[in-house]
């Protein structure tokens, strides 16, 4: 990775932009289009490093995936014709690829090995392996907890499973494995987590029932799958950086078009509204994956907030940049119930606090979150993304509060989810 990036951007930020396609939906669209025999087209996908790893793996399984301007054309022989891979399936830095394919490949019964980069090797997989093994999956990890994951053929059984954590990745691994079971599977969630797998199953003609915190699949649901075209909305997790940037930079007025506002993902909008931020939604569409244009204007005197409970899984990936936003509130804010942050690309509780504290902000890490005090940018210490794309972008947004350039090590980690992030931020500066 590039050792150091100097961020020298000042406000106000003004203009209208779109952000790249949603990462979670792009992964799932590639997976489902690859399972279905025939041609599916995925419009405006995210072609960052993570989603490319998912594409690479399905190509090794025998799926033809072509990139054509702003779309992917997936021509699949169908899951029954998948090849047995004769090399390790490399998932890179992608937890979504690793965990969802652990379930899918177990269901398919394809002998394979999943392995990622150093970061993935440090992220626990037991939360996925436990339910998969209860489904009779033949899957093992190093010390039964870490990659590489070794998968061998088995006959998957349906289960009645109560989730241990509010994790869309764990839920989705179970759901993908359940497609191949001769029995129904029932999942009971602790809190609502992002439901893209459920909505996209339906889009590709796979029956699934969801009511409240209960999700039920039918036996051998894979037999219903059909190819489908899918339009990927803009990623709200990527939009979050521009939302916060506009809120904290005097004189800013930014509009982001075609952003996915699925209610299981739109926690940042709820949080900004609770803090009194000037945010407006318009051009809203309805459907399984609703979208909107979002206008954000600079807002002084933001109110402090307590972020906890069901709000946390709805904003889990945005919490680092939300923590930065909270430093600009008029009182102390808290984030609780966010243990899930510990098993992301980094322990984001610690990395958020450590990097922002280096710049003079005042954050206290706790076992399950952060205490964030009103504070200002005080020093231009060199900071580090620690190869975590969301930490890198959060630090770039923090630089808007500085009168001097900020140096960020390993900044090219942002390419995992947002190639072109910095040019887009500079575009708003130039228009301002």
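Every residue gets a Cβ built from N, Cα and C, even glycine.
Site annotation (Swiss-Prot, ligand 3-phosphoshikimate) includes 23, 24, 28, 167, 169, 317; from 188, 342, 344, the additional listed residue is 344. Neighbour density at the Cβ, taken as the number of other Cβ atoms within 10 Å, is lowest among the binding-site residues 167, 169 for 167. With a 10 A radius on its CB, residue 390 (phosphoenolpyruvate binding site) counts 28 other CB atoms from all the protein chains. Only 344, from the binding-site residues 24, 28, 167, 344, place their Cα within 10 Å of the Cα belonging to residue 95 (phosphoenolpyruvate binding site). Rounded to a whole number, the C-alpha distance linking residue 24 (3-phosphoshikimate binding site) with residue 169 (phosphoenolpyruvate binding site) is 10 angstrom. Among the binding-site residues 28, 167, 317, 344, the ones whose Cα sits within 10 Å of the Cα of residue 123 (phosphoenolpyruvate binding site) are 344.
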